[in-house]
Structure formats: structure tokens, C-alpha cells
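Copied over from TrEMBL:
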type: BINDING; residues: A:ALA26, A:CYS27, A:ALA28, A:GLY29, A:SER30, A:GLY31, A:LYS32, A:THR33; note: ATP binding site
type: DOMAIN; residues: A:5-291; note: domain 'UvrD-like helicase ATP-binding'
type: DOMAIN; residues: A:292-573; note: domain 'UvrD-like helicase C-terminal'
Amino acid sequence: MIDLSKYSPNQQDAILTNDKHLRIVACAGSGKTTTVAGKVAYLLDPINGFDVAPENIIAFTYTEKAAAELKNKILNNVGNHRGMANMYIGTIHGWCLKALQENEYEYQSFSVLDEIKLKLFIDKHYDTIGMKEVKKLSNSTVPLRRFIDTSLFVQIMDIIRESDRQELPENLTRAKAQYEKTLKSKKYFDFSMIMEKAMECMEASSNLSARIKSDLKFLIVDEYQDINPIQERLINRIQEVSQCKLVVVGDDDQNIYQWRGSNNRYIIDFESKFDNSATKSIPLSTNYRSSDGITKIAETLISNNQKRIPNKEMKSGGLQNFTKGQDILYNRYDSVTDENEAIANYIDNILGVPFTDDEETRGITFSDISILLRTWSKAETIVEALERHNIPYITAGVNQLFETREIEAALGLFTYLYGDLERSELKELWQKLPNNNIDNDRLEIALNDLDTKFPKLPEVETNWEYSLQNILWDFISLAEIYEDSFIDHTDPDLHKRTKERAEIMFFNLGKFSQVINDFEEINFNSSSPSFHLFSFLSFINYVARDYYPEGWLNNPYTTPNAVQIMTIHQAKGLEFPVVLIPGLNNNYLPSKKRGGLNVWHFLDRELIEEQSRYEGDPDKEDERRLLYVALTRSQKFLLLSQAPDLNNRLYKVESDYIQELTRAKIGSFPILISDHKQDFSSFTKIDQQSKEKVKNIALDFTTLKDIFECPYRFKLISVFGFRYPLNQRMGVGRSFHNCLMELHKRGKEGESMSKEEVNEVVDRQTHFPYLTNSTILKPRLWDKVRKNVTEYYEDTKDDFSHIEFVEQDIQYKVDDSILVLGRIDLIKKVGSDGKYETTIIEFKSDEESADLPITKDQLKLYALGHRELTGEIADYIMTYVIGENKVKTPEKLYESDLNSIESKIRDAVDLIWSERFLRTEEKKTCQECFQVRLCSNRVQHDIKVKR
DNA sequence: CCGAATACGATTTTT
DNA sequence: TCGTATTCGG
């Protein structure tokens, strides 16, 4: 039961109002997530008599990160309420994909292309994908150009599918049709298509419509101010079909994604969507984050905007005190150099200044401070100043991956094979890496091996599996270039420094491995080896260079104590005791519009409703909201600064917004104090302490398996991000899986299938994304799937009436911040006379190992999730190997099995927190390990690599 | 002093 | 390619 007294009256109102559509207008720091989590818990609690189960609620968030946060808060509120895995909390895209794959058999074998893979795909299919159809409006003989204009094509396709618009001209209609057809033929979605298809699916009298009609009672939409037209249409459709209550949460003043077509008019006009009495609007106007000074100055700024909900005003909840002339400052300098130097000095000065938060007083430390930027270009000189002062910092968006020495060396392998680099030059690139301990003889061996891989060699020319990923892995392996080769063990200080550098180096190599993987997923063996190599190098030079960020010092599972440098967009939803906003010049904030060739040279502005959304409004309201978001990140301290940029004549004049901020007053005293150098030396500095930040993590079984078997493998895959080389056989396991899922689902409904119908299932669900046409492998793989699936169906169809769950999502909460997620293939329930037995079944293709103890761990983990779902402990666990069609005997499951797997998970999580990524000592594990080529255990245990 | 011509510099990012 | 700042010319 939730304790209502800890919520404010308006928050309580938001929790208790459940008979109307609800708009919660939540200002910055108003406890929005807490309120939503409280509302969900209240609805679920049987004591309140709503008769609402987890599957009756859907909550949309804007990012996966926000979803994880909300999910955790809800789980902490509801205690051990059962079946929480059935409540969807996630992004709109995620829900659409799940809805399509669960309800339309056709889409089970589809996968989603992210932006970079989409661009690769478009360039590969330039001739047929409709890009040539898109012509310049001013000169209809000029089409979009391959490679150069691919981003524009992506943008145009997004806009015409996501906006509200007029009928398209013929050429664009053709382009759209060709684009969608080409993607579909290769079983790919792009992000917009997921939403479009989900919409279509709900228009028909489909499974999906029936499903939401029977299940859905409450649809919660977070960050509703950032919704774009297609998302609005989708939300409306879901509501119409299900007749659910709609709960939207957001802040019209924090809409900052207008270049994606998002529009705060949807939240402003929410009440006109339904009949007057059907909706209620509740403001959460108390800001529990920031001082009076911060809230007043931000409110003064944003009140200059016209497009916002009338008569609302943010008030401080008084959790922070405001000290006039000290907390909020605005300084002007003669040059950017001076400005940056002052920033570094300010940081040095404020460290240890007492700050009270959650009723505890501690000294300000690095991680309490953030520097917010409008553009990344501002970061470089700031970083230099911080380095001069030895101030630790984190940035997450600088594009310099390809300029690092390790990536130059790795890329050298391919320029060498292409013939643009001498062998001696390549060798030098590797030998000159800092702190390296690479053996000359080993390097020669690796280079000699590389010499057998020139694409022009007769024996290579006909190789259908010319894998660049393999070339990289072989080189690393043969030269014995491992993370430990770069660590100096001679003295502790050197050890620490070289260890950090080695981690960054391998993080970057891991990123590079992902770059190769992105390229090869789309282009795997679709051409001759030499063309494959050529197009990879072109991809690197023309596309990838400004796309992949450089590795950070930290790994994603820990937060170091450092100053955070980020864009205002990235800071959304975060809070810091100290916020610095430098560079407040016109053309920077507010930024000037971008020049150059753009979408509107190809797409008529008239066709798109509210087209100005995409270009930024002339009143600069969008940019004002951005500054508003930046200001409201601060709990107490705020330093604004400005200086003319001597190197750039665009950035010389002070931002117009400064004048607006100057008008902010408390009583008759201005809040913003200009050119008053605050000196914190009069303060009694106290112990610097980082605030404990709860870091939510979700683990799936694949990740846990790595930690169980070899923590170092977890590091290689989940921290560094190395990707395994692709091959033509990939897809067997997933094909089996999808076939069985369809058979089971239809079988569960009582359908009995003929041999022809089973064949149709196989045709629909089997997919080998990397298979070439001209090989004997194709019929072999298809026959294998067909034969085994048919046999499986014949053997087990009589048993299908006992199926209880197919592809059931499960989750298991380890503690307040750790959630384990999974999906059980099949659960059978056999019984009579009120007595029954439950079996959890996991399918493996014969290429996977089914007998290993690790598979039993997987099943035990699923049993934990099954208990969460049903409250019952399953009786048996069983693995079914499809390839051999050999039924394994079910094994009895005991309660002690659940306890042992639970403590095993806890141990694994401890290893992650403490960063003890040790290599396994089991030789057998290494022999089975796919990543052994990247690990020094290969040498230690003398393992022969089989490929 | 003002309009026209010319020189210069050039986002934000999630799914 | 286009928006903005600066310079040029009357």
C-alpha cells in the first residue's frame, strides 16, 4: 500500500484521479516520475478496488534510460505484486515492434536498422531504393546523390512518413513506395516503419486490436510535449481502439526536439481532444529541486514565450536557499581563453563549499558540477583549460575515434591490404603505440599471415567469406596484442596509468570492431573481396569519421567523480548542484540557422503541416526553451558567462536572452549579478563527497552467462563492445526459434496444421541475412530447418494442448537497482483432478551447447521469473535440442535451485560493481570461447583457434 | 546613414 | 547553400 501523505496535494490529486483523461503539467523538479510511479502502484493495489492488473497498463517514455528509471521506481513501489513483466514500460518504438512481432507472424523475422546501418543499406541499394526519384525543386534534373546526400534522403523519408501532410507529388510517392519495398524485401524495418506498420495493424480487425481492446485500461505517456504527429496519431488510435484512459505527463516549456517534428501544441491543446468533462488537468508547479533564485530567473525567461499553457507559474519548494549575489552570477570576459580560465578557477574554488541535499550537508565535489553546451564545438577549448588545472571531466560526444593511434594502426591493416600503405609503415604504426610490449617475431608472423589475404590473390579472389572482422581478430591473435601487453607492472604508479590507457585503447578497438560489424552486417560478402575492401575504406572516409564517438575513460557500468560536460539536450531530466553555461553569445544561444543544402530544396514546404517546426521558429521560442532547460538543471549554483570569440566573427555579441534574464527580480532586487567575481575562499570548506547515484541496470541471460563463465569475456563484449565475425550460417538458431514460436502459438489456439501449412511457416520464418545466392549452402541450410521443424511438429503436436505460455517475458528483481530480464520459450502444464505439473522448456539448435551446466543456470533463472509471474515454482526444467530431435528428460526443479541461482546473480553483479573482470581459469571454457582470439589466455593455455 | 555586395562559417540526437 | 556580419558605395 502506498503512503499518500508523502505526496503533495496536487500529486495526490494526480494519483487519485482515475475516472478521466488526465494531463499532468509537471514543471522541472516537480517529482513527476515519483508521482507516476505512485499512481501505478495505487491502481494496481487490490485494496483500492480498481481491478487493474499489470497488463492493463502501458507506459511510454522517450528513451530506454527513462524507461528503466520509471520501471525501477514502480517496482520499488508495488512490492511483490505478481506479473509485473506483463506491464509494458518503454519507448513507443519498442512497443510497436513488440506488438507487431507478437501479433503478426510475418514480422517475427524482421530486424530494425539504426541510422548508420540504414544509410549503408540505402547506398548499397541506391539504384532501386527511390533516392534517384527525389529531385531538386529548383532544377528537376538534379537528383539526390549517392553517399553525399544519403542523410538528406533519410530525413525526407522520415518527414513524409511522420508528419501530417498534403498529398505528395508523384515522384515522392514513388520514392516512398520503392524505399519501403526494398527494406521489406530484406526483412528490415526502419524506425518510422515500425510505427507506420503498427498503425496499419490497428486499423484492421487484427489480433493486435483485439488484444489491446481486451487488455488496455490506462495509457501513460511521459514527455508528452515532445510527441510528433505520427506518435500523436498512434496514441489516439490506441485510445480509440481500447477506450482506455489517457494519462499524459509533460512540460510544454521543455519541448526541445522540434527538429524531429515534435510539437508542444499537443500538450497545450490536450483538453480539446475529448469532451470537456472527460478530461482533467493537474499542474505540478512546485519545483523541489532548485532555489527560489533559479526558479524565478527561469520563469522570467520563459514568460517571454507566447506558445505555452497560460496562467502557470513555477514556484520553488524551498529545498534550497538562495543567496543573492553569490549563487547566480553572470560574467563577461575579453576572450574565450579568459572565460575558460575563469571557469576552471571557479571549479577549483567551489570544491568543498557546503551543499545541502536530502537533509545531508556535504562538500561540493567534481561530479556535482556540469558544464552545459549548445554545440559540441565549444567543448574543445574548455577541456584544454580543465586539463591545465588537473580537473577530471567526462565528455561523451567528441568525434575523434579515427584519429587515435590504435585506430590508425587497426585501419592500417586494411589500407595495407588495399595497397595504400607499405608493410614497414604498418609495422611502425603498431610498434609505436604507447607502452606496448609487442614482440617483433610475433608481429612478423601476423604480418606474414596478412600477406596471404590480399584481395587480388587468386586464392582470395574467390573467397565468399572475406571477413574484415576476421582479419582484425586474426592479426590481434597472431601478434599477441592483448590488453595486458600494454600494462606496465614494474611500479604501482606506472601500473595504474598504463592500465587506464590500455583500457581506453581496447575500448576504442572495440568501437572499431563495431564499425566493421555495422558495415559487414549490410555488405557481408555481397561483392568481390577487393570491392568489399574498397567500399569499407570509402565508408570510413566519407561516412563513419564523423559518426562514431571516441571511447571514454570510464566504462558504462560505473560513474567516476568528474565534471560532466554535455549538451543541453543531453542534460534534460538531470540535475546538478552547480551548473555552468558558458558562451552566451548570439548565433550560439540562440543559435543561427544552418546553411547549406537541406531537405527543403527537395521537399516543398507547403506540403508539410506546421513545417516551421522542422526549421525553428522565427521568434526564437525554441532556443529560449533550451536555455530554460539548461537553467532549471541547477539546484543552487549557476554561472553564466560570455566572451567575444576572437577566432569567429559569428560569436561576438552577447545573447539577447541576457537582457531578459537581467529583468528577473526577487522583491525589487535583481537576481542576476553581472561581473561580480565570486570568491568562495571565505567559506569553511568541508569534506568533498559524491552523491550516491542509483544506477539502474537491466541484465539479460546472455550477459549474465558471460560473467558466470568468464568475467573478462564480459569486459570484451559488454564494456569494450567487440563484435564476433559474421558468417553465412548465421540465422539457423533464430529461424528455428521463429518457426517454433509460430507453431506453438497457433497450436495453443487449437489449430492443427497440414504438412503444407508447416512448410509455409518455414518459408515465412526462415531467414539467413548473410547468405550469398551462388552457393550450395543455401539449399542445405533451408533443408535443415525444414526437415527439423517438420519432424519436431510431427513428434510433439499432440502435446500442444498442454502449452501454457509461448515466448513469455519474465523479469526478476534482484535489488532496488538491478533487474534481470528474459523470455521463456515454452511452458507446458500437464494435469488432471486439480493436480498438475509445470515444465519450463528452452530450445537449442544443435550448434549451441545444450548439455552444459550453463544452460541449466538459464532455466533456473527462468524459473525465478516464472515464480514472479505466477507465484508457483515450476516442477521441471528441460532443454530440447532441435537439430538432433532428441528429447532430453525433464529434470526436477527444487526450491534450493532458485536460491543458488539467485546468489550466483548477486555475485555476478558484485563483480561488475567492483570491476574485477578476471580471466577464467578453466581451460575448457577457453576452448569453447568464441572470443579467445582477443584474450591472452589463448597463449597461456595454448589454444588452437578453430574457425 | 542606409541598402547592396561580399566574405565567412556552418546544430541539437533518439528510436 | 544560405544566414549573418562586415564592408562598400552612394
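Numbering starts at 1 and runs along the chain as it is shown here.
Keep in mind that glycine also has a Cβ here, set from the backbone N, Cα and C atoms.
Note that the coordinates shown come from a computational prediction; the quantities given were computed from them, not determined experimentally.
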> Other than A:ALA26, A:CYS27, A:ALA28, A:GLY29, A:SER30, A:GLY31, A:LYS32, A:THR33, which residues of the chain come within 8 Å of the ATP site, judged by Cβ distance to the Cβ centroid of those residues?
Replying inline: A:THR35, A:ASP251, A:LEU284, A:ASN287, A:TYR288, A:ARG289
> What does DSSP assign A:SER30 (ATP binding site), in three states?
Replying inline: coil
>> Looking only at the domain 'UvrD-like helicase C-terminal' (A:292-573), what is the model's average confidence as pLDDT?
In response: 88
>> If you count, for each of the binding-site residues A:SER30, A:THR33, the other Cβ atoms lying within 10 Å of its Cβ, which residue has the minimum?
In response: A:THR33
> So how many other Cβ atoms are close to A:LYS32 (ATP binding site), meaning within 10 Å of its Cβ?
Replying inline: 23
> For the binding-site residues listed here (A:ALA26, A:ALA28), which one has the lowest count of neighbouring CB atoms within 10 Å of its own CB?
Replying inline: A:ALA28
>> Around the C-beta of A:GLY29 (ATP binding site), how many further C-beta atoms are within 10 angstroms, looking at every protein chain?
In response: 23
>> Is it possible to get the count of other C-beta atoms within 10 angstroms of the C-beta of A:GLY31 (ATP binding site)?
In response: 21
>> Return the count of C-beta atoms lying within 10 angstroms of the C-beta of A:CYS27 (ATP binding site), excluding that atom itself.
In response: 26
